[in-house]
Amino acid sequence: MLTFNDNKAGMNGLDKEKITKVIEENTSASYSSFSKKQQSRIEEKVLEIKNRLQTATREERQKSEILMENLEMKLESSRDLSRDCVCIDMDAYFAAVEMRDNPALRTVPMAVGSSAMLSTSNYLARRFGVRAGMPGFISNKLCPSLTIVPGNYPKYTKVSRQFSQIFMEYDSDVGMMSLDEAFIDLTDYVASNTEKKTFKRHRFGGDCPCWLPRFDENENTLEDLKIEESICPKCEKSRKIYYDHVEFGTGREEAVREIRFRVEQLTGLTCSAGIASNFMLAKICSDLNKPNGQYVLENDKNAIMEFLKDLPIRKVGGIGRVCEAQLKAMDIQTVGDMNLKKNLYPLCFTPLSQESFLRTALGLPGRPSESDPRRKSISVERTFSPTSDFNILLEEHQEICRMLEEDVRKSGIVGGKTVTLKLKLSSFDVLTRSLTPSDVVKSLEDIQKFSLELLEKEKGKEIRLLGVRLSQLIFEEDEKKRSKTITEFWNEKKLQIQNLQGSENVDDDDVIMMDTRPCPICGTDVENRLDVMNCHVDECILKVQNDDGPELICVSVENKSTQKPERPSTKKRKLQEKRPKAKKMVTIDSFWKKSG
């Protein structure tokens, strides 16, 4: 049974049964078969959970209760109510960009994508049940007047970079979760921002529909409102620009209003926001007052628990159709239910799932990660009409590899250690095949070579989606920090020597003979070469013997001491530097680094 998911802004109050029926009637037999198999697996898991709860003994339930009580105490000790976390989510982003650039799309139901798949839809289309992730041909059945526009992802990326620069002014470590969503920690900004701010505002009106944001003709005229009239260079109709000023106060709510205002002024696009003590809650809140609104959840435990009490579990990020079915098997419908029935988790779920569900029930963020927070992989995939024609698959494969290599270059990534091929068959079953070559996969040729090797093993299969992924990534910044090779080390030393020789301001106390060791007989610094040192020692021994001096113990210089040579005094060093046979010189620090 296919079910329609209406847990998205702008889709409240829809007739789910009617929409589900239309989807089922227009779904291919292959996908229906796949969906039934998937549903069968879910039902097996649900039955397993119900049986486990029925057979759990009293002792098991008591043990489970104690376990969750201890875990709750541990998690509560980590609750942090001091942060001002914000989730900014652009409103119907891809669709909004297209409507901004084409005024004719603003008053009709429209979506971005193709007949195969939609990326997003505007709010008018959502009233018909049209949403992201839905095939375009089914969307046309739900909304015959739907206009589908091909995606222009370079344009969406460019606009995203524009408003992300605004976010960085408030939090230099802003987390861009996607092109249209950002996590901003306003804590430091709010603490330091103690004065009101005033910004100049512009809005557009007149016969010209080209420009956003629009001026509301019903708005009460403000005292400082100024109007500038001109002819639009796009449509050549009369255009009015209304100028005035907007003031923003202090505090996190005002800061978020300020951010949203600046984004709209810069791009003509609106965004919504959620404000809370952590990003998990902020993301939930960002969906509540869409479009073009914001929701604030007080930094108070009681307020948080009250907020979560009646919240449907599907509103929480990470809880999808499968997880929802498993929780409903325990009669859990809301996040409040998750808290009431937390003692059942150890009976049915793994320790990681137990902690994850309890964190959600308590309104706490996910487990902190000690691993590298940067992306773990980068991939490109495409959906197309099912085919087993290998020539067609090769064309798709080459284009996907080209796009992936381009994304790798733009993302500051050197390459990856593992190549993965993803295939979705005409039956909708998904296959993944991976390969880890001996060398890092960096170039387009490497990506094509290794992924093609995997693809050739799947010849004859009817495929509807093809993707290539690089994982175990190596970043450019890592390459810069890596240990230097011996060659690089000596090249750098040579450069230091050249720079030092060309300098006239070298302190005598800061230089010594380069690449020398003291003679074990006379203490003189001698070039650190075995033949030179042996020759010098022989000369010293002969000289001492000819001078009728005391008998000396010959020290073998072939077996180098593991200790650092005794450094001659500063006075002796200066004398040595004045000798005509003095060699090149480097700094003392560089010498000891090399000798140590």
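Every residue, even glycine, has its Cβ placed from backbone N, Cα and C.
Residues annotated as domain 'UmuC' in Swiss-Prot, with sequence analysis given as evidence: 85-320. Residues annotated as Mg(2+) binding site in Swiss-Prot, with sequence analysis given as evidence: Asp89, Asp180. Among the features that Swiss-Prot reports, site 'Substrate discrimination' is placed at Phe94. The annotation zinc finger is assigned in Swiss-Prot to 516-545 on the grounds of sequence analysis. The Zn(2+) binding site annotation in Swiss-Prot covers Cys519, Cys522, His536, Cys540 and is backed by sequence analysis. What Swiss-Prot records for 570-584 is compositional bias 'Basic residues'.
Features as recorded by Swiss-Prot, highlighted on the structure.
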residue	record	DSSP class
Asp89	Mg(2+) binding site	strand
Phe94	site 'Substrate discrimination'	helix
Asp180	Mg(2+) binding site	coil
Cys519	Zn(2+) binding site	coil
Most crowded position, judged by CB atoms within 10 A, among Asp89, Phe94, Asp180, Cys519 as recorded positions: Phe94
Separation of alpha carbons, Asp180 (Mg(2+) binding site) and Phe94 (site 'Substrate discrimination') (Å): 9
Distance, Asp180 (Mg(2+) binding site) to Cys519 (Zn(2+) binding site) (CA atoms, angstrom): 70
